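Below is one structure, written out as structure tokens; the observations come after it.
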Amino acid sequence: MSEAQTCYRHPGRETRVQCSSCGRPICPDCMQPTPVGMRCPECGAQKTKVRTAASVAAGATPVVTFAMIAACVVAYLAEGGIGVTGAGGSLVRNYALWGPAVEIGDWWRLATYGFLHAGLLHIGFNMFLLFLLGRELEPQLGSGRFAALYVAALLAGAFGALVFDPNAVTVGASGAIFGVMGAAAVMLWRRGMNPLHTDIGMLIVFNLVLGFVIPNVSVGGHIGGLVGGALAGLGIAVSQERRAPWIGWLACVVVAAVAVVGSELVVRSGAGGLGL
């Protein structure tokens, strides 16, 4: 944690918290809570403005977030709105993540599994989290980098799921969502904030614990997505600090490539996984 500074609006108050947007030190009275950390009053006001209709032309609308949500909803409706059973079962058979199918050449499953869901509660919870995270993070990163981060985390989640249990059938966007949370946490850390003292940190801890409590949850997918997203997020954070966008793009490409190659090695090894 960084050394104590004084609030930029109240010079007599020491604080260790910085605005997650501009980096200025802020005291408790000045903190504006958001899903990606505390913001100062000025940045908090700007956050509200980017959601007005006038800001659409400026590119502040989280179009990738909305597109991912729409794709998941369409896929869920195509499943018959009843998850992995019934008429939609063919979608799961052909597009869910399953190690033996990936081994014989169904490589698209490393990505398509993230658009399928096992029930209304499953898709509802995931899409709610994606909306909360995406509307805050995508405008900060730009739609292109946010899309690259999401894809890298999605593939990393598939790799994690296969490492833990290649024979399990896995569906859901939670691996990618964990990756977005991991990236946000790393970016807060790079700004001198403790992610565990923010909403992001609490979300990560809560959802990780939930994965061990609720049956039939892909813990490997969650951890893989979290680690992959954190690594990609670190690259993006460094690229912002050094004003070198290529670093962020390269980090996302490397994470995605390692996830795909790692997945191939796992399914071809014939290992039974870690059983989680």
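Just so it is clear, glycine is given a Cβ too, placed from its N, Cα and C backbone atoms.
What TrEMBL says about a protein is an automatic prediction, not a curated fact.
According to TrEMBL:
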{"type": "DOMAIN", "residues": "105-235", "note": "domain 'Peptidase S54 rhomboid'"}
{"type": "TRANSMEM", "residues": "56-78", "note": "transmembrane segment"}
{"type": "TRANSMEM", "residues": "115-134", "note": "transmembrane segment"}
{"type": "TRANSMEM", "residues": "146-164", "note": "transmembrane segment"}
{"type": "TRANSMEM", "residues": "170-189", "note": "transmembrane segment"}
{"type": "TRANSMEM", "residues": "196-214", "note": "transmembrane segment"}
{"type": "TRANSMEM", "residues": "246-267", "note": "transmembrane segment"}
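Across all of the domain 'Peptidase S54 rhomboid' (105-235), the predicted model scores a mean pLDDT of 94.
Helix, strand and coil content of the domain 'Peptidase S54 rhomboid' (105-235), in residues and according to DSSP, is 103 helix, 1 strand, 27 coil.
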